[in-house]
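> I grabbed these lines from TrEMBL:
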type	residues	note
SIGNAL	1-19	signal peptide
DOMAIN	64-123	domain 'Cadherin'
DOMAIN	124-232	domain 'Cadherin'
REGION	132-159	region 'Disordered'
DOMAIN	233-337	domain 'Cadherin'
DOMAIN	338-442	domain 'Cadherin'
DOMAIN	443-554	domain 'Cadherin'
Amino acid sequence: RERALLWCVLVAAWEAAWGQLRYSVPEEMPKGSFVGDVAKDLGLELPALRDRDLSILDRGRTQYFALHGKTGHLVTAERIDREQLCESVQRCVLRCEVIVEGEMQVYGIEVEITDTNDNAPSFREAETELRMSETTAPGSRFPLARAHDPDSGRNSLQSYELSGDEHFSLAVQAGPGGDQRPELVLAKALDREEAAFHELVLRASDGGEPARTGTARIRVAVLDANDNAPVFSQAEYTLRVPEDVPVGSTLVTVTATDADEGIYGRVKYSFHTVSVKASQIFQPDTETGAITLVRSLDFEEGDSHELEVQARDGGGLFDTAKVAITVTDVNDNAPELTVSSSLSAISEDAPPGTVVALLHVQDRDSGANGEVRCSIAERLPFRLEKSFEDYYRVVTARELDREEVAEYNVTVRAADGGSPALWSSAVLALRVLDVNDNAPVFAEARYSARLPENNAAGALVLTVRAADADWGQNARVRYRLSEGRVRGAPLSSYVSVQAETGALTGDVKVTGPLDYEEGKYYEATVEGKDGGGLSAHAKVHIDILDVNDNAPTV
């Protein structure tokens, strides 16, 4: 344990293949203990960490690790108890995901929590009483309650020892899973008149250095003859139960019979060997042998349970039977769809394949109930691409056109394979930014007007109009006359155009009023240019109307 508390006992291995890092750390390390240099292992330079925004994804579950933004070091966020997290798992692995925001890249991290010998073997009951008939034959065996040590490997339970009386010895049998099952063996015939009770001590030891031990006191009461033990109708009961079976339901009834009469033939049922979790879910009826459900089942927390039921008569004789319960999955979990990263706006000239969002999807069910398919409406110019494991990218499927659609609400739907299927969705709001890809367009290619001679100063001739499909500054059109000359004078000396409105007016301040006798018509070209530099042109033809302003000359 002292070595487990050293701050520098770490990293067993790491590998970056397939975007995966692996580390190991002993349990019970203090908060803030170093786990691994994620930035170094991913090849990220320290000065670039701030720009790339390296962080651990939060999907609503307990975070056992933290990431230092300045150093890129992965450290423990709290003291980790391996036995609490991985009660029945030999290899305890915690997983998290790290996202590099600047690259929209996700990396998986696996941290193996290695065991330290921080738990001693213990018995559920510190004192046990066995009742044996004095006619019990030497060599008879009696199963004893097993000790439990939540540690793993050599730190777990390794051996049993018995002390206290020459009438008994200890035998240890290997179970189907390699577990040790202690049995009390009667080595010498009992004589109630000689001794009515025998006091024994059963010691369980683990393989740690130093070893830890736990003891249970066994008191053997010697009874008068009871020559028939209960016998179960079958040695093993096997059943399959859906996880949504109601609390209070009777799952199975075990039955044992005893050929004796009276108190020696009356059988009571109890759990002999059962895990702490199973004892909180199932409960036996001591009189009938019915096993009922006292807490809801959850396939995702445990898909099987094994119970050992004991039938004991009034004389202390007993039989045991195994009850194997398999929990079947029900589609009771909808897919969980999380937006890990997304854009709020995109330029309309973005090339096809531009990433606009990164999504994560998971379903806690198994089999077809846990298989998730994601989709986007076909009419939208976006598609889904598989990224890393359960991550998807939303990318543009074709070029966008702001003048056609200025804003999208992209709904991503995730549905599982259950029947009926469960689903969830996420909506991505995306604005399309304008690019100056549309030139102004005049309402008419050629404008005509008629103006009497001797016009007043600033008289309106006509108004030209040009429209631009772009937005903002790119759609703002300004007008001007193209350069030209009439009778040696600049064109702007005769007519002018308002830059903002496109209104053409006669200009008499420079050349005086228009005179029919000097020119019967004028032609000009008007240019309309938007804020992005694109332009269009229109022709303007002005006829001058004669006014009787000249007397006859003789």
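The backbone N, Cα and C atoms fix where each Cβ goes, glycine too.
TrEMBL: automatically predicted annotations, no manual curation.
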> For a three-state summary based on DSSP, what are the helix, strand and coil counts in the domain 'Cadherin' (233-337)?
10 helix, 50 strand, 45 coil
> Could you count the residues of the region 'Disordered' (132-159) that DSSP puts in helix, in strand and in coil?
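Per DSSP, the residues of the region 'Disordered' (132-159) fall into 3 helix, 9 strand, 16 coil.
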> Please average pLDDT over the domain 'Cadherin' (124-232) for the predicted structure.
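Its mean pLDDT is 87.
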